[in-house]
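Accompanying notes for the structure given below.
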Amino acid sequence: MTPIQNAQQIFNRQHKNLPEITVYAPGRVNIIGEHTDYNDGFVMPCAINFGTAVSGTKRDDHIWNVYAADLDETDEFSLNVEIPKSEHKWANYVRGVVKFIQERYPDFQQGANLVISGNVPLSSGLSSSAALEVAVGKFCQQLGDLPLSHTDIALNGQKAENQFVGANCGNMDQLISALGQENHLLMIDCRSLETTPTPVPQDVAVIIVNSNVPHDLVTGEYNTRRQQCEEAAKFFGVKALRDVSVEQFQKREAELTALSPLAAKRARHVVTENQRVLDAVEALKNNDLTCLGKLMEASHDSMRDDFEITVPQIDYLVELAQLVIGKSGGARMTGGGFGGCIVALAPHDKVDSVRKIIADNYEKTTGLKETFYVCTASQGVRVI
């Protein structure tokens, strides 16, 4: 059963009527451009065919009653008083989104009954949180007939995660969940918010392999990386590392390394990764999968050696995938790091071989069982 069907059926069962509003927002996978979004840089994700559905109906008061079907938990809060934090982590994503929409539209106090259901694997680096934020934002827009664009909804979700939940994420996850296009990757300029759709080559599959090493961005390491990047930007006298070219970095690399070796390593990753995203757009335009594969490999090496966010299990998955894919595509870690998933682009006729080499070796070596997904690039948030 899909999240949409599940949310609608459970709502019907709980409330004895059909929901007036159902919205659906997808998770995402980032093909290249990791930890560049909060440095005002470039990213190239696609929305995927896993996501979060929200079904609901107006109430005649100011109360939101929210049921998380997959967790069997309920949260309730009022819109006519200051919205406090919840003891349920998932509920804070919902509350944060509503709180900041209210900040923008103080008259938005419409109560609702909601059911949420999703199939984005939690803590996998595929943005279950952004899908939830964007779905709830779109639900609010429909509920209150608010003049919010999809970009507004995305940035509101990011604000909720930064300022209410407490994770210093960039804006990529929410933007792709809101703006994704079917069968396209979206190159996003995280400063101007301009987007450039790039078709996924027809003969290429988007493969995601979950290492099932759990990770949790809220616990420190992610925020530390962000601080180190800000330290490096300050050294270069710029607003963000986006403003430093590879040549400019190389000229002052030794000087920065002497001051702060870690900040230098983090900056080297971000500066070179931004260039890799721009090069990847050209490679895809030219249908040059060998070049794209080299860029993905360089991205992974940089995350491992300079940004230091991979773990041995992830490195091993990438190594296995690369053995099979060769020069016909690429593989790298995707997401915030410290576990989560790898992404691979490979011809459809290599999917089974990639699946087999991982199934034959990963669990035997690491003691963990992978989860293997073949995804399609999908549309962003929509009303059902």
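Placed from the backbone N, Cα and C atoms, the Cβ positions cover glycine too.
Source: prediction; values computed, not measured.
For the substrate site, Swiss-Prot gives GLU34, HIS35, THR36, ASP37; the one candidate out of TYR93, TYR105, TYR222 that the record lists there too is TYR222. Note: ASP173 (active site, proton acceptor) has non-local neighbours ARG28, PRO45, SER127, SER129, ALA130, GLN158, i.e. same-chain residues 6+ apart with C-beta under 8 A of its own C-beta.
Surrounding the centroid of the Cβ atoms of GLU34, HIS35, THR36, ASP37, TYR222, where the record places substrate, the chain contributes additional residues within 8 Å, namely GLY33, TYR38, ASN39, VAL43, GLY170, MET172, ARG225, VAL270, GLY336.
A helical conformation is recorded for GLU161 (Mg(2+) binding site) in the three-state DSSP classification. DSSP assigns ARG28 (site 'Transition state stabilizer') to a strand. When the alpha carbons of ASP37 (substrate binding site) and LEU126 (ATP binding site) are compared, the span between them is 15 angstrom.
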